[in-house]
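J.: According to TrEMBL:
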| type | residues | note |
| --- | --- | --- |
| BINDING | Lys296 | ATP binding site |
| DOMAIN | 268-522 | domain 'Protein kinase' |
| TRANSMEM | 207-229 | transmembrane segment |
| TRANSMEM | 484-505 | transmembrane segment |
Amino acid sequence: MVFLILLQSRKPVDKFWYDEFNDWIMIRGDALHALKNNLADPNNVLQSWDPTLDNPCRWFNVTCNNEYSVTRVEVGNANLSGKLVPDLGLLTNLQFLELVGNNISGVIPEELGNLTNLVCLNLSLNALTGHIPTTLGKLQKLRFLSLNDNSLTGQIPMALTTIHTLQVLDLSNNRLEGNIPINGSFLVFTPMSDSGGVGGGGGAVPVIVGVVPIAVFSVSAPVIIYVLWRNRKRQHLSINRPAKRPEFNLGQLKWFSLRELQEATDFFSEKNVVGSGGSGRVYKGRLDDGSVVAIKRLKQRRTQGGLQQFQTEVEMVSMAVHRNLLRLRGFCLTPTERLLVYPFMLNGSVRSCLRERPESQAPLDWGVRKRIALGAARGLEYLHDHCNPKIIHRDLKAADILLDENFDAVVGGFGLAKLMDYKDTHVITAVRGTIGHIAPEYLSSGRASEKTDVFGYGIMLLELITGQKAVDIARFANDDDVMLLDWICAVFLSVEIIIFLLHLVGQKQDARNTIAEIHNFNLVAMLTFQVEGLLKEKKLETLVDSDLQGNYIKEEVEQLMQVALLCTQSTPMGRPKMGEVVRMVEGDGLAERWEDWQKRKMFNQEFNNTHHPNVKWFIPDSTSRILPDELSGLYQCQQQW
């Protein structure tokens, strides 16, 4: 009813919405659905591409802008087969089309030349045949063109020489023939020998067809353009990196080639996926030396300064060396891939041991859990107090506390953290995190500090003790409190419906900010309220993980609960620093800190009852909030309701 009234009272909005909806469904959704229908998908990677779900922006591997136009389609190493469809040319706002590492055959559609906003076209490592379409010359914003490792034939189109923005061109391992274009942006340079070296060897002439790979340089582009081909024999060669590597402070790090990591993971096979998150997927791999590694394949965010940011992150992680921090072994950087290589943690993470444990595996005993709590605290203390500049994790949770062969804690997931100078008290950044784990001040303002990590540690500590997710811990108490949490979830879902209505009047950002903030605020408040209440009532057995079967020391459980509650205070000023947390977990200074906090709480409560007797729950204003990015728990209530 509200929806109909709104549409009837705002006819211009109605027409705008109808036009947008038609354009959205008939063009973007149909084009992608046509592609799906033309491809075999044995791993069901495209399962979410359902035409009955009218918003293609909700499909996996599809990214849209604020106007709901599809800007990125990225489905790599998914074992897809079949042919590309001309309908792709209808996605006129598409900027990135990346279908690398599949088994797609047939020709490259001429209609791809209509994608005039395209920045990156990567169809490498497929089975494409036919000519390179001359229409690709119309892509005047194109920076990356990778068609290597296919079976393309014919000549290199002269039209490609008119793309002055082109930075990387890779046509290696095809069956191209004819002369290399030598006018426009292309200039023939020294031929490379069959062994991959420069010059000599074969005595080949640069313009001779398909005998040796030829290096071609772009006069107008700042990065070397590679054009490599052969006529009959396919060489097992992959060039997918800038010719000159940036100056990195590598230390003991190794710069892996993309081919090494592809072979280590069976070309990033789905069977080797061991984890995924907002920043990318993690694959288990085995290197040529037999060592087992975890390879994090980062999602591409081609923003200004992206290369510099990646370089900073690599150097940052390489400098953070501590027994309780995950050590970076190496990395891979190409125009289309950014990967981090770590040692593989044999016993997974705290989350997997608590909630994904097979029946054949024994649960974590209390001694191990306490050791994990101390190790994780020491790792965070090192990031905050012993790195220069200090490092803020920003999204600490149970999945980021990894366990080595001895079940010692190793803090991971800080490769995409933020550096912070000692003179700074906080950094303002796009909010990334998991609902229920995000410090209130971080979600509401985007301000991350050491105390943001302290809050995340406190939530992780509660999960370590209870074996439950944050949202489930909040359900521990009586039926009335459970009904209250369910009511919060119901309200959250109702407001979600209003998001769609607010889209029509251009208030999407405020709506989503408010919902995420209220949901996180209420969930955290309920969680800490329930835990503190049960702790006061001495009902530890209600809180402690049932897998422990009573085998724990009550005094130690109570102490760690107190540490967790001190860490999850609503205001950052009230939370301890990680150095103090380490000492409290070790048993030093906890009693004094806990008593002081209880006194302050009692004073504040008496003051509020005296001066503000009718105050109800406070919901912060959200008119100037930063839009949360990658709130991976945003729909937790939907799943439970």
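Yeah, the Cβs are placed from backbone N, Cα and C, and that goes for glycine too.
Curation plays no part in TrEMBL annotations; they are all automatic predictions.
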J.: Within 10 angstroms of the C-beta of Lys296 (ATP binding site), what count of other C-beta atoms is obtained when all protein chains are considered?
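T.: Total other Cβ atoms inside 10 Å, all chains included: 23.
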J.: Can you tell me the mean pLDDT for the domain 'Protein kinase' (268-522)?
T.: 74
J.: Please classify the secondary structure at the residue listed as 'ATP binding site' using three-state DSSP.
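T.: It is in a strand.
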